[in-house]
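Note sheet for the following structure.
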Amino acid sequence: MLRAKLVDDPQIKYASLHNPLPTQLHAYVWPFLIIWPAFFAVYLSPERYDTYIQGQEWTFVWSGSIITAQSLLWLMTKWNINIQTLFTATKARSLDSAQLIKVIPVANAGSAEICPLHCDTMGGKKTFSFLFQKRRFLYYPERQCFAPLSYVLDAEPKPPVKVFQQAQGLTSKEEIDRIQHHYGDNTFDIPVPTFMELFKEHAVAPFFVFQVFCVGLWMLDEYWYYSLFTLFMLVVFESTVVWQRQRTLNEFRGMNIKPYDVWVYRQKKWQELTSDKLLPGDLMSVNRTKEDSGVACDILLIEGSAIVNEAMLSGESTPLLKESIQLRPGDDLIDPDGLDKNAFVHGGTKVLQITHHNSNGEDGSEKARKLSSGVPLPPDNGAVGVVVKTGFETSQGSLVRTMIYSTERVSANNVEALLFILFLLIFAIAAAWYVWQEGVAKDRKRSKLLLDCVLIVTSVVPPELPMELSLAVNTSLAALSKFAIFCTEPFRIPFAGRVDVACFDKTGTLTGEDLVVDGIAGLTLGHEGADVGKDGAHTELAKSANVPLDTTLVLASAHALVKLDEGEVVGDPMEKATLQWLGWTLGRNDTLMSKAAALAGPRTVESVQIKRRFQFSSALKRQSTIATVVTADRKTSKKTKATFVGVKGAPETIRTMLVNTPPHYEETFKYFTRNGARVLALAYKYLSEESELSQGRINGYIREEIEADLIFAGFLVLQCPLKEDAIKAVRMLNESSHRVVMITGDNPLTAVHVARKVEIVDRDVLILDAPEDDMSGTRLVWRSIDDKFNRDVDPTQDLDPEIIETKDICITGYALAKFKGQKAFSTLLRHTWVYARVSPKQKEDILVGLKDAGYTTLMCGDGTNDVGALKQAHVGVALLNGSPEDLAKIAEHYRTTKMKEIYEKQVSMMQRFNQPPPPVPVQIAHLYPPGPRNPHYQKAMEREAQRKGAATLATAGNQTEHIPTITSPGAQALQQSNANLTPQQQRQQQASIAAAGFADKLTSSMLEQELDDSEPPTIKLGDASVAAPFTSKLANVIAIPNILRQGRCTLVATIQMYKILALNCLISAYSLSVIYLDGIKFGDGQVTISGMLMSVCFLSISRAKSVEGLSKERPQPNIFNVYIIGSVLGQFAIHIATLIYLSNYVYSIEPRKSDIDLEGEFEPSLLNSAIYLLQLIQQISTFSINYQGRPFRESIRENKAMYWGLVAASGVAFSCATEFIPELNEKMRLVPFSTEFKVTLTVLMIIDYAGCWIIENVLKNLFSDFRPKDIAVRRPDQLQREMERKKQEELETQAEKERQRKV
């Protein structure tokens, strides 16, 4: 027996094995091989025909029913994967006999598929595999399941470091062939289907088929114009969706890194290969490429270091230093997410620079540099790395896969939609039953009766629903892109409207990256006569000029900054700020020099050269370096070389490494953290004071030896200014029924200080943490910020209710670990405001805990340390470090590139028709050489010079050689065409110059179409972060309220669509039954006018923009509540009552006909005209009354298209009811009305509208549930302060207006 879990992968929910059936045995074929011959046997025999079919119309009914049934069975196989396997395949008994595998992924991870199974016997071993969503799954007999291809790094436990350090690459042809067969090429092959292939896929979607079926029924009922108009709208909409998908797939295809040449060590020698032939296990040279391409796969560096830009992956543009594992202890296990995180160069990142350390040689000579495995160095002098993952399994590959498969199609909440349709179906079946009963009683034609019943039932399923949902989500995507926010998983946008808890990282999210160094504290610890605070803290801060030599050396050496060949220093902004404050500069080869003439003390520092780094790790909370320090005696100028160790890290961590902890150590660093500063402890020791240790000796040390027996060198105190919009953004969230929480790896005292500044906490805070003096690791205490309150806590017991009610809570990662799994854990999560000193894994646990408690969560982080938490949240937002200026440059570059593409297309098109190329558009004239075809060249060069701040160009001719011209075929054609012109060609040229204005306009209009901002943007690499479904390119915290506004806007749009569609469906069910049996018909023109009105209104609804602020009121989370269902039924009752009253009133004037001809042509009558106008006003009221505007979206008056559309339609309705414009009544085929009738009809229309308005507003005020969840409820004192603040702001605004008026 096969295991229940056939495929072991978190993205796959279920899988089963199958064998295909022959086509003739498919469920939509074999029954009809019997049915069709039987039908024709009856049809072709006159006797049987008269007995069983009895007439032409029943022939049509029977044949139509069989065709519909067969089509439906076939279509069901396209709609549901389970039905497809049931109808077209049988279950396989074993893996050996199976040919197919059905794979169903988890929700929102793409579509289910039936994949062919492949069986290979390479190397004499039988292997089974299948390809699903571009991933190869292999069968592992020992685990009895399929799993994605496993790589060395996927093994548990992880392999030792020496496996990679001693890697020899792929050594034999057999091994290369085997691995090539197993893993395939290193490519992202994204096939782009043709327009017709994609359209076929869309054309069999349930709603599209249903709509076409309805159109067919309307045609049978002879509503030709209306049917053709609807069909045209459907095809156009589906075509635009298909075109959009095709464009997106083409963009994804462009993400593939073009193959380029790389040096690879295979079969014991270095050889050049193209990057698409790289295989896992290859040894390759990592270097900056000629093409400046991204790295082609995921690589683990085993020699050398690289400076890389990961903007294409994480979106972060700050270059990072990646260092090899060459000096890591060989027996340690590789730690890809921790210690060795900085040794991995991921696919898609760009290498900016490579450096080598003289690894093994005592003499430090270049010749001595070699790998521990004995492999010679690459010919291009690059760093050496082991290929660990290729193709779609790389970081970039998985990002592209997420983009492709999570965005396939946005769907409604399927369970809710299904229940909603079933609810409407009750009314439709009742109406259809009424029509059938009445029709049978009057002996009506059965075929027409059946058609009417089917029309009634189908009218209940709102076919616009998926279209409307797509429109609403796409509108939100387009709106977010204007704020530089991109989304890879659009189905998450409605979640943003339901968010209860918003969690923020601190550093780089609420606080800025541009840190300010305040000074060095703690230098006087243990000295007499120092400034001491009440609690013993040494509050004095030393400036850079007064910092002792050893402290200076720690600051100058303990960092990961690197200087690029171009001269730019790259790395952590905090470390840049520190070095700048110190007055030191970083040169080549990790050498640092002091700008200052001299430092205090008997010796001056000549230079510091970093020899080895132990990079910062969030798990270890420290970093260290070994450096050679050259000092000179002030008197004798004698130079001395020493080997120095500099360490910096969290004060609590460094404390355990000191030989002697000075008195008041803790009080001093806590004094600064309480005041919101970021504090790092500094420590050092000398490995040798009089001589320089060789590189070999330095490389022999392990991290634990280096980071022990240290001497304290002070506290580095930095201020992290809040981002400009942090307070405003958090206040908006607090005041709009959200709970805001901070989750940070920083010190709890600093975290609480920042939380108070941004108004996350506003009461006294208690910190749940280990006691300071406890080394046992078992105790927990509540302690206040000033340490005056201390109380022991037992994690196995419930929390003290008094503390929860009266204090704000901060908890550390240590305490969180103690509470995890205990019964009080959920209570703790519910009441905690600040989480400090938590690891990335704990951030994830917090989000999972909040989700399990039933809250909708948002996490906002920086996209590098918060990946797990960002993925776990319902709405994960990565804030990148871009500025508006950066975005303006990117947008300008994008426009120029697009313009160039369009112009190149025009040039090649003209060439095809043997016409001269069009003039170069003014926007890109500076990219082409001067000449008659480039009339705007001079102007463009002046514009570019001004833009770059240069002097205006004197002449274009002098600058020609400096211009970056393009050498595309179009540009070459342009250059060639200007030479050796004949008189006739000159005349053509003059004509083309005359056409320059037209060409410019044409290109501009094409560009505008390309950049149509109402379209949802196509995500490109660099827009999205691997970490999160939402990415803000700007570092502004206000991105969060913007996302929540769009989420609420989409949620409100979805719910109001349900209401409007429900009312329309219920009214049409009544119209098609009771009204229809009374002989009331509408003209084709009348139906088309009302259909167009609905289309315009639906389009306008989905395009309504969100309002600026966030309201305290929350949108309805779902449609099944007393308010929404009550409102729909109440409005429906009003509509029915007015329709019944009007028809009875008309019968009192014109008696009812005894013989109603239901099949007759449409003829205007008093009843037809009156009912049409009443129904028109009912449609208008449905849209206008159920439109949800403020406080979530712009009001109906602000939604201009909808407002004027409804005003125009109301004008038409009332104008016709009052016969204000008689000609209009004639055009619309309405009969004349008497004065009394006009008054009655107009009053009834007003009553209908007013009644619905009253019902909607009464139920909204009585039953709508706008309350936030318990976690987001504000206390009375907070609400009071909020009111007072708003009053004060209003007074200040009025005073300012008054002042300006007087001025």
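All positions are counted from 1 along the displayed chain.
Including glycine, each Cβ sits where the backbone N, Cα and C put it.
Since the structure is predicted, the reported quantities are computational estimates derived from the model, not experimental observations.
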Open item on the list: Test of record reading: of Asn287, Asn980, which one does Swiss-Prot tag as N-linked glycosylation site?
Closed with: Asn287
Open item on the list: For the Mg(2+) site that Swiss-Prot describes with Asp505, Thr507, which of these is also annotated: Asp154, Asp845, Asp852, Asp862?
Closed with: Asp862
- [ ] Sort the recorded positions Asn474, Asn589, Arg678, Asp866 by C-alpha distance from Asp505 (Mg(2+) binding site) and give me just the closest.
- [x] Asp866
Open item on the list: Quick test of the contact rule: Cβ under 8 Å, at least six residues beyond the ends. What residues does that give for the region 'P-domain' (484-513)?
Closed with: 108, 399, 402-403, 406-407, 410-411, 473-474, 476-477, 573-574, 678, 720-723, 726, 730, 733, 738-746, 750-751, 754, 758, 843, 846-847, 850, 855-862, 865-866, 869, 873-875, 877, 879, 881-882, 887, 1016-1017, 1019, 1023-1024, 1029-1035, 1037, 1039-1040, 1042-1044, 1046-1052, 1054, 1115, 1117, 1268-1269, 1271-1272
Task: Distant-in-sequence Cβ neighbours of Arg678 (ATP binding site), under 8 Å, six or more positions away - done: Thr507, Leu515, Met574, Val717, Leu718, Gln719, Cys720, Asp746, Asn747, Thr750
- [ ] Can you figure out which of Asn287, Asn474, Asn589, Asn734 (the glycosylation sites) comes closest in space to Asp866 (ATP binding site), comparing Cα atoms?
- [x] Asn734
- [ ] May I ask you to report the DSSP-based helix, strand or coil state of Asp862 (Mg(2+) binding site)?
- [x] coil
Task: Sequence-remote partners of the transmembrane segment (57-77) [C-beta within less than 8 Å, at least six residues beyond its ends] - done: 26-28, 32, 35-36, 39, 43, 83-84, 87-88, 204, 206, 209, 213, 445-448, 450
Task: C-beta crowding around Asp505 (Mg(2+) binding site), within 10 angstroms - done: 24
Open item on the list: Considering Cα atoms only, can you say which of Asn287, Asn474, Asn734, Asp862 is the nearest neighbour of Asn589 (N-linked glycosylation site) among these recorded positions?
Closed with: Asn287
Task: Candidate recorded positions Asn474, Asn734, Asp862, pick with smallest Cα gap to Asn287 (N-linked glycosylation site) - done: Asp862
Task: Within-chain partners of the transmembrane segment (1122-1142) [C-beta distance under 8 Å, separation at least 6 from its ends] - done: 423, 1055, 1058-1059, 1062-1063, 1066-1067, 1070, 1075, 1116, 1170-1171, 1174-1175, 1178, 1181-1182, 1185-1186, 1241, 1244, 1247-1248, 1251-1252, 1255-1256, 1259-1260, 1262-1265
Open item on the list: If you count, for each of the recorded positions Asn287, Asn474, Thr507, Asn589, Asn734, the other Cβ atoms lying within 10 Å of its Cβ, which residue has the minimum?
Closed with: Asn589
